[in-house]
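Note sheet for the following structure.
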Ligand SMILES: CC(C)(COP(=O)(O)OP(=O)(O)OC[C@H]1O[C@@H](n2cnc3c(N)ncnc32)[C@H](O)[C@@H]1OP(=O)(O)O)[C@@H](O)C(=O)NCCC(=O)NCCS
């Protein structure tokens, strides 16, 4: 076959050591382990405790893990793409610093921000560059230090989010494996329901914005939940139909880990057996840009060459979509 497809050829990840359990959250806000577990599926999340470190620290660790495990020469990487909602700084793309720190000296680099869909959209971008034949090695990282934008007195958000990072390498494939199809959506209605109000051009930082806690994530959970359930299920069903995939054909659902009930609703619509649905939300919570690569890293050994994976995500904006990919390697 002459056509180039874009395949994931390596995976890496990193989560910080500190575990924030539901039990500890019970001491911070009016909540309890039973409520959090039944309403979200989350038991604990990881937090980067060091105030001197930002998202780049997580991203570098994940990239270094991928490089070390797979014997990659970082000088051969053409592009470092970082999906993140929590860049180190508003100006000076975090991806650039990450690329330099990992020795990707011949790469260009930039950040991609689409809230919880950043990594999914990044997969689309990376795949398009590879399929065009323009670049041969693209490192796509999803990393977020969500603890830097969470108000730990707000029980609507602090129970959900955690810190983490994951990375994948995209390379050309000549067997037709890797990226097959995508269905990506967005709708600006979402910015009322999930946002950080201040700190951007619309409402720059001021004494008042700090006092009013407008630099933290605000979420209307119920509304976001409704959009997320229908959005993620719709696109996942759509991509199956468009590619004539039956529930038997799908080997794995790799879905954004925002809430176990949203994942279950998507799997139900697709008719998938529970054993095909990847879940690690209980360990990490919602790590925003890192959920999909953290799943790939945790379950990599179970994937077989040729397996059909459906990726699905939903995030602020709103942004959402699904990607169909054929896995390209067996892990020894
Ligand atoms: C946030 C979320 C877990 C809340 O779950 P929910 O089932 O919608 O809960 P509700 O907001 O309807 O609240 C139900 C009740 O629990 C209470 N409650 C809310 N948060 C609580 C908490 N942390 N602990 C205990 N009780 C809580 C509410 O006050 C409400 O009580 P009431 O019925 O007496 O008014 C859920 O809406 C969600 O997951 N939303 C989507 C989040 C998401 O995906 N965000 C990222 C986008 S990618």
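Heads up, the Cβ atoms here are built off N, Cα and C, so glycines get one too.
Automated prediction, rather than curation, is the source of TrEMBL annotations.
Cross-referencing 257-261, 262-266, 267-271 with TrEMBL places the feature region 'ACP-binding' at 257-261.
Counting every protein chain shown, the number of other Cβ atoms lying within 10 Å of the Cβ of residue 286 (active site) is 24. The two recorded residues residue 286 (active site) and residue 116 (active site) have their Cα atoms spaced 9 Å from each other. Around residue 116 (active site), taking its Cβ as the centre, 31 other Cβ atoms fall within 10 Å, counting all chains. Cα of residue 116 (active site) to Cα of residue 256 (active site): a span of 8 Å.
Within the model, the domain 'Beta-ketoacyl-[acyl-carrier-protein] synthase III C-terminal' (240-327) shows a mean pLDDT value of 98, rounded to a whole number.
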